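What follows is a set of notes on a single structure, which appears directly below.
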Amino acid sequence: MRTGVDAIVSVPASKSLTNRYLILAALASSPSTIHNTLISRDTELMLDALAAFGVGIERVECSDGSTTVHVTPAAELARGPLEVQCGLAGTVMRFVPPLAAVAGATVKFDGDPAARLRPMAPVLDALETLGANIEYAQEPGMLPFTMDASALRSGEQVVIDASGSSQFISALLLVGHALPGGLTLRAANGPVASPDHIMMTVQTLRELGVKITVDEDGRGWKVAPGALAGFTVTVEPDLSNAGPFLAAALASDGSVGIRHWPTTTTQVGGKWVQILSQMGAEVHHGDDAVLTVRGTGKIHGINYADASELAPTLAALCALADSPSKLTGIGHLRGHETDRLAALETELNKVGVQVVATADSLEITPAELRAADIHSYEDHRMATAGALLGLAIEGIRVENIATTAKTMPQFPQLWADMASTAKARG
Ligand SMILES: O=C(O)C1=C[C@@H](OP(=O)(O)O)[C@@H](O)[C@H](O)C1
Ligand SMILES: C=C(OP(=O)(O)O)C(=O)O
């Protein structure tokens with residue numbers, strides 16, 4: 001019996017774009033307006049951090065349910081001593097220390113217990129190269145730490161190991177124009193994590209008028225020093241968070257549309273179009289800007305590299321496929337909200353799927369599926385992956401679905417609304 005969903009969904013704004021725009025607005029020379037700002041745990045933490053530096057934040061609730069944020073830069077960013085709470089937000093724990101460095105501030109950073117396990121050293125070592133002094137309260141290179149950036153100087157070329165996270169690179173690029181002498185940055189030999197997110201940073205900077213060049217091999221960046229004028233932008237919907245909804249069309253053999261799908265995007269979630277088509281969906285981007293995905297009764301396995309934050313949803317969909325899949329280039333997901341490779345191996349095994357997790361890949365071989373309680377590890381994407389399994393497997397229960405508030409507090413309601421459109425189709 002098939003029970004296809006048939007829904008059109010508005011997903012909230014992009015976390016990655018919201019937190020980039022907020023950092024840049026704080027560093028601008030005049031006020032900025034950010035329409036359709038995401039309001040979620042990760043962006044609330046960013047807003048609080050900026051307010052601590054003396055940045056003016058005014059929120060306006062709009063009649064369509066979105067939030068516009070007006071950002072007024074501080075005449076001079078506060079130097080503290082301040083405290084910044086990072087929660088479990090990579091974009092806060094990696095993007096705010098360079099802002100503190102530019103401010104010349106003394107700041108204590110801490111986060112959730114799980115945040116204390118996430119890699120930080122490459123970006124912090126780079127800030128030390130630029131003259132910041134960092135005292136670690138527990139483990140070197142990890143939260144919690146106190147940074148004193150009162151003696152920041154102009155740097156020579158900074159070289160960063162970006163195999164653990166693209167955010168180390170993005171964090172420095174975002175403040176490069178505000179550093180004395182700008183910034184010259186290279187990725188050290190070895191893999192670069194989530195390269196799409198670095199391109200998003202580069203494109204965002206260019207869109208706002210920052211001069212940035214990328215080396216021919218794509219592993220080096222030069223940001224010219226200079227003032228950034230205030231700006232007005234509208235944040236795109238979060239296309240990564242659209243993923244579980246779109247995948248639901250395949251999982252339930254139904255149809256799901258996402259409103260306001262951009263014609264071009266820097267978000268890695270833009271790749272859902274290609275991924276889901278390859279896995280068997282019919283995909284249509286209409287004149288009304290709705291991207292519609294329809295199940296065709298078939299879900300094929302896929303070999304896919306650099307899925308980045310799409311991997312948990314993709315892995316759950318691969319569990320429902322008619323052939324094996326392999327997701328590669330995702331070793332750094334072991335340092336995300338949880339060790340996602342281990343978590344996916346455990347949870348997909350529970351529902352009967354064979355999963356082999358290597359250092360940097362997942363091999364997923366579908367088998368007969370069974371009900372299980374899916375643990376979410378305080379990881380929003382494990383929770384949404386569990387919800388997706390729940391559409392296809394009778395009796396799945398997802399523990400702590402509220403953890404989706406990290407980037408999409410509306411998830412439980414939006415999901416329930418979509419799921420309620422499913423009808424028995426005999
Ligand atoms: O810069 C960003 O907004 C992000 C970069 C990526 O981090 P990693 O490079 O650590 O994977 C991604 O997974 C994360 O969800 C958001
Ligand atoms: C890895 C993620 O988040 P963060 O920004 O905390 O790194 C994610 O959202 O999948």
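Quick reminder: no glycine exception, Cβ is built from N, Cα and C everywhere.
Curation does not apply to TrEMBL; its annotations are automatic.
Spatially close to E309 (active site, proton acceptor) yet at least six residues away along the chain are S194, S240, V268, H336, R381, judged by Cβ distances under 8 angstroms. What TrEMBL records for E309 is active site, proton acceptor.
Residues or ranges marked as phosphoenolpyruvate binding site by TrEMBL: K15, G90, R118, Q167, R340, R381, K406. Of all Cβ atoms in the shown protein chains, 31 besides its own fall within 10 Å of the Cβ of R381 (phosphoenolpyruvate binding site).
Positions annotated as 3-phosphoshikimate binding site by TrEMBL: K15, S16, R20, S165, S166, Q167, S194, E309, H336.
Taken from TrEMBL, the feature domain 'Enolpyruvate transferase' applies to 5-413.
In sequence order, T91, F95, S170, L174, M200, T201, T204 are the residues of the chain that are 6 or more apart from R20 (3-phosphoshikimate binding site) and have a CB within less than 8 Å of its CB. Note: R118 (phosphoenolpyruvate binding site) has non-local neighbours L88, G90, M93, G111, M142, L143, G335, H336, i.e. same-chain residues 6+ apart with C-beta under 8 A of its own C-beta. A Cβ distance below 6 Å to any atom of ligand 2 is met, among the binding-site residues G90, H336, R381, K406, by G90, H336, R381. Those residues noted as binding phosphoenolpyruvate (K15, G90, R118, Q167, R340, R381, K406) have their most widely separated CA atoms at a distance of 19 Å. Across the structure, R340 (phosphoenolpyruvate binding site) and S166 (3-phosphoshikimate binding site) place their CA atoms 17 angstrom apart. The 6 Å Cβ screen around ligand 1 retains S166 from the binding-site residues R20, S166, R340, R381, ordered by sequence position.
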